[in-house]
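Feature list (source: Swiss-Prot):
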- 26-46: transmembrane segment (TRANSMEM)
- 47-67: transmembrane segment (TRANSMEM)
- 80-100: transmembrane segment (TRANSMEM)
- 101-121: transmembrane segment (TRANSMEM)
- 126-146: transmembrane segment (TRANSMEM)
- 159-179: transmembrane segment (TRANSMEM)
- 200-220: transmembrane segment (TRANSMEM)
- 235-255: transmembrane segment (TRANSMEM)
- 256-276: transmembrane segment (TRANSMEM)
């Protein structure tokens, strides 16, 4: 007997190719990358290039070794390498982030079966790997604090590349939502949960809102492979991400790392959330 499984609604009613989705995210990250290069100089540019080369290089090697179709032009390896570079400090040696980019694609992506099959976001998995392998080098020089409105535009206390300009990350995320390349439920529930819970606990939003946090909200948490496909599941997932971010940030005093570790833990339970929020089939019963 052959079974055919269809994912729960909403279903896309127009042609949107994965390649288009990926490249749209890359384009959205370009202004953020440019701001990082402007602020940090050639160190940032070198790390971005090294991370992308590591990701693209290992993709080429793996697909050639196993006689698979080369998919470099779909942009996925480029995107994963770029995203990893943005959540690393500019002081990280280029050879380390090259290894990180290779780890993201070689282990985080292909070891789990390739695009569409991984449990953890590959860039996030690579960030954790780098943090464990070279903990001292991965420590940001500073923790960003928004002391004035101008810090939203250009943050002088940026620790990671993406922390340079939180407003650019926010604008990029909002634009992707407006063009429907990002579904709004996860970012909204994640953002609201984090802000409300942080205020309840008495943490100033200046400590909470950073480029890394917003990148997590709009780009990492919304990764379609590692987040639930159900509408209710996405809301629950966003709430969980926000809750874990604040709990880690509140007790550690570091909302930047809190964001990334919260997303990693949320990735782990995303399949369970999806299972428990599947819509009741017609004539059937909901998942217990």
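Even glycines carry a Cβ here, placed using N, Cα and C.
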For the transmembrane segment (47-67), distant same-chain residues with Cβ under 8 A (at least six beyond the ends): 33, 36-37, 76-78, 80-82, 84-86, 88, 90, 92, 94-95, 97-106, 109-110, 161
Residues of the parent chain within Cβ reach of the transmembrane segment (80-100), under 8 Å, 6 or more residues beyond its termini: 26, 29, 32-33, 36, 40, 43-44, 46-48, 50-56, 108-109, 122-123, 126-127, 129-130, 134, 137-141, 159-162, 212, 215, 219-220, 260
Interface-richest range of 159-179, 200-220, 235-255 toward the transmembrane segment (26-46), CB pairs under 8 Å: 159-179
Surrounding residues of the transmembrane segment (101-121) on its own chain - C-beta under 8 Å, 6+ positions past either end: 18, 50-59, 62, 71, 74, 76-77, 80-81, 84-85, 129-130, 220, 223, 225-226, 263-264, 267-268, 271
Surrounding residues of the transmembrane segment (200-220) on its own chain - C-beta under 8 Å, 6+ positions past either end: 25, 29, 32, 83, 86-87, 121, 123-124, 143-147, 155, 158-160, 162-166, 168-170, 172-174, 176-177, 182, 186-187, 190-191, 194, 241, 245-246, 249-250, 253, 255-256, 259-260, 262-263
Long-range neighbours of the transmembrane segment (235-255), counting only residues six or more past its ends (CB under 8 A): 143, 185-194, 197-198, 201, 203, 207-208, 210, 213, 216-217, 221, 227-228, 261-263, 265-266, 269-270, 273, 277
